[in-house]
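**Q** What follows is a structure written as structure tokens; I'll ask about it next.
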Amino acid sequence: MRLSGRIIRGIGGFYYVYTEHGIIECRARGKFRISNIVPIVGDNVDIDTENLKDGFIINIHNRKNELVRPPVSNVDQAIITFSIVNPALNRLQLDKMIILVELNGIHPVICINKIDLVTEDVFAPLYNLYKNLGYDVIATSKFDNIGIDKLKAMIIGKTSFFTGPSGVGKSSLINCIQGTNKQEIGDLSEKLLRGKHTTRNVELIPFENGYVLDTPGFTSLNLDIDETELKYYFRDFRNYELDCRFKSCLHINEPDCGVKIAVSNGLIDKIRYSNYLNLYNELKSNKRRRY
Ligand SMILES: Nc1nc2c(ncn2[C@@H]2O[C@H](COP(=O)(O)OP(=O)(O)O)[C@@H](O)[C@H]2O)c(=O)[nH]1
Ligand SMILES: [Mg+2]
Ligand SMILES: [Zn+2]
């Protein structure tokens, strides 16, 4: 019998395919090895099964997108989760993450979690900054039960990838929206003690006609773009770069730069601009190292 489904987990050559008849344990047919395609979590596949328990993957549908770390395909949106304190927010890391997600053709959702730990005048400016740039932003707290229903509504029918630093509450949020305790949570100190070797398997959790993916948190992020293209990922610049004297202006040292004027007038957020400069320099020095 031929069925279609989605790979939700892969361990040692076995792929667990979620189908209308439940989860079927599959192996890949040799032809994938010949064409150099390795099935990954997230793939939509056709399988062949006799008993609805195990079977073979016979076809992998074209991927809409594909992430390398963690290896997962066909992601619709990334819930970029951060807290403002405990752990402290690193705005450079946040802006870098947004760009990384957009580069991969994935819709970013910015989730400011643990808002029970700060007052509104602390998180509202951040919320408004990204909201005004046109991003989907959500403020959440598991203890005060804020934003959980909104988050739930945002993930229905989609494949959502929770990402963000360790300890910000990704696993907790997934537990909250599912109403379970399936995801392992822990405090920061515990996690740091356990160290880097706690790489868990990538697993898609079927939920509300969609899927969620928990990740252990990122350590290093590499943007794979030329530094001259970075400016296109800063929406803040769009209205002001028309005022730059040069069309090729990178908004760094050029004279009559509309972006720099907007920064000094407070029309563009200063930290966003300084993150742009930091990332620009980082990309430039990475390139130098490569050659
Ligand atoms: N104050 C507060 N703490 C939270 C919240 N969400 C999670 N935590 C705590 O933060 C710690 C890390 O949570 P966890 O879900 O494991 O974070 P993860 O590493 O991003 O998956 C745990 O001790 C949680 O209880 C929240 O909304 N408010
Ligand atoms: Mg976690
Ligand atoms: Zn400029």
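Each residue, glycine too, has its Cβ placed from N, Cα and C.
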**Q** Which single residue out of C176, C257 does TrEMBL record at the Zn(2+) site shared with C244, C249, H251?
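**A** Answer per TrEMBL: C257.
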**Q** Please list the DSSP helix, strand and coil residue counts for the domain 'EngC GTPase' (73-219).
**A** 53 helix, 35 strand, 59 coil
**Q** Just give me the nearest neighbour of S172 (GTP binding site) among the binding-site residues C244, C249, H251, C257, Cα to Cα.
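**A** With Cα distances computed to S172 (GTP binding site), the winner among C244, C249, H251, C257 is H251.
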**Q** Taking ligand 1 as the reference and 6 angstroms as the Cβ limit (strictly under), which binding-site residues among I115, C249, H251, C257 are close?
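**A** Qualifying residues: none.
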**Q** Out of C244, C249, H251, C257, point to the one nearest V168 (GTP binding site) in space (Cα versus Cα); all of them are binding-site residues in the record.
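**A** The smallest Cα gap between V168 (GTP binding site) and any of the binding-site residues is with H251.
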